[in-house]
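Look at Swiss-Prot and you will find 91 tagged as active site, acyl-thioester intermediate. Marked as active site, proton acceptor by Swiss-Prot: 343, 373.
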């Protein structure tokens, strides 16, 4: 079986969804920009030699509809002979895109693929056109489709207080801002055209979603966003709404070395698991455990974790049940997470994997794990190994 390696990984800055940097930039353009950039950064690989493009996107309608993967590839002037497919596993879409490409390479059906994902939540809101079947309420709680209420449920089940959530949210912004100031994101962010507050076209090379002024005291003044009577989850402890894209160049190790391209990491194992939709945010726990089992590793072997921060109330129970509460500041989301950077649904899997690879290199660790919860009760995880 072929070894699957990540040769390169990049992302756009994360733009605010409401009147942000990418308010006049379409999702296809964000995607095409990264496709072009990956190919330009790795000229040893001819675009025509790509076997496929796998691109995650959740709200596949309006500008994100009709197979955005192919539309973006055409905009990027990728040769017409290269196919492209859009992948949807809700929040896990671009990580699923990575898994799909990895399996193709493992079986010898592909040698080189572009993978990634995008979501423009400003142009195509998360709730646009959603129409759940009324019969679902016979099988799952009605609130299972309301992500904020599932986070409230997890907080109550695991004893996660409002103060714990606010502290974690403040940490996310502080870590992300520190990473920005130190240049830690420089190796992953590709400057991307957008418009500033005055409408002037400029190149953005930073995440505008981060709020460096965030404090626990300020967060404590916010009202519950989903359960106004007894809730603890606020907008401040939830992932921000943002627009962005992320992309990776994935190859067989033999082809990468043949072309003189240096692999950054191997895909050591992959896992996807279902869970009760009412606690959809718990999915990273069984998914991570399965991925670790497949890799022949334990949580203690992992040097760095990237866990998508859908809600502080959601990620903290996952950290607790993976036995990592005492190692948060040493191993988990060291550059902040989605509470500060946002969670553009179809982009986030590739985004956290990209950030993870850079952290693994900076910290000089052998193994890293990226994982995320998925709406309606799933979890997805990937174990990476430095080459």
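Quick reminder: no glycine exception, Cβ is built from N, Cα and C everywhere.
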C-alpha spacing of the residue listed as 'active site, acyl-thioester intermediate' relative to residue 343 (active site, proton acceptor), in angstrom: 8
Whole-number Å value for how far residue 91 (active site, acyl-thioester intermediate) lies from residue 373 (active site, proton acceptor) (Cα to Cα): 7
Chain-internal residues, separated by at least six, CB under 8 A from the residue listed as 'active site, acyl-thioester intermediate': 58, 308, 310, 343, 345, 348, 349, 372, 373, 374, 375
